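Before any comments, here is the structure.
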Amino acid sequence: MSNALKNLILIGMPGAGKSTIGVILAKQTARDFVDTDLLIQLKEGCCLQETVNEKGYLELRRIEGDVLQNLDVENHVVATGGSAVYSEAAMKHLKELGTIVYLKVSLQELESRVTNEAQRGLARPAEQTFAQMYDERCELYERYAQVTIKCDGKCPEQIASEVDSIIAD
Ligand SMILES: Nc1ncnc2c1ncn2[C@@H]1O[C@H](COP(=O)(O)OP(=O)(O)O)[C@@H](O)[C@H]1O
Ligand SMILES: O=C(O)C1=C[C@@H](OP(=O)(O)O)[C@@H](O)[C@H](O)C1
Ligand SMILES: [Mg+2]
């Protein structure tokens, strides 16, 4: 564990399982849980897709960066949004808060999971395809990851146990 605050920060593509696995991991490791997408929604008073529609994807990324930089938690599992890695300052803050765990999933697996792309509030330019987004972002997730878990073919409980055993070492 890289940090006395004992937070585990999950990063990865939309559909990677950050929100799903985050809750399971919190329960498995006796931590609290926070999903920063929900904090953004509470701050804005609307769903992420509405923020994108009304203010644009760059503004959603800016709001997300702001929420992440103001995050002040201890002994939590933090599920971030897939676009968290666009803010260098936010990622620096998250690294100070805890251990950054990248949930790595193949494009093929993600495409089978994310069937509601247009309603998910993705913070990307309108013309960017999911595959292009994957190519652009993979190097960012890898840049910030302190622990990487290959998730294809594993169920959420198995992935949570793998994270638990790695951070317990
Ligand atoms: N390891 C997994 N195997 C199969 N399906 C998964 C796995 N992890 C998540 N899912 C499914 O993928 C979808 C996206 O998961 P979610 O936790 O919302 O991802 P994220 O928060 O990273 O965008 C959900 O329907 C969830 O049930
Ligand atoms: O990757 C993205 O552009 C986004 C992913 C979403 O979270 P999930 O990764 O939990 O789906 C959410 O933060 C927002 O809609 C933007
Ligand atoms: Mg999520």
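Keep in mind that glycine also has a Cβ here, set from the backbone N, Cα and C atoms.
TrEMBL lists D37, R61, R137 as substrate-binding residues, and of the candidates G15, G17, G82 the one it assigns to that same site is G82.
Looking only at the binding-site residues K18, R137, the densest Cβ neighbourhood within 10 Å occurs at K18. Just so you know, the Cβ of A16 (ATP binding site) picks up 25 other Cβ atoms within 10 Å once every protein chain is counted. Taking every pair among D37, R61, G82, R137, the residues listed as contacting substrate, the largest Cα to Cα separation comes to 18 Å.
Per the record's binding annotation for ATP, residues G15, A16, G17, K18, S19, T20, R124 show a top Cα-Cα distance of 22 Å. G82 (substrate binding site) sits 13 Å from T20 (ATP binding site), counting Cα to Cα. For T20 (ATP binding site), the same-chain residues lying six or more positions away in sequence with a CB closer than 8 A to its CB are P156.
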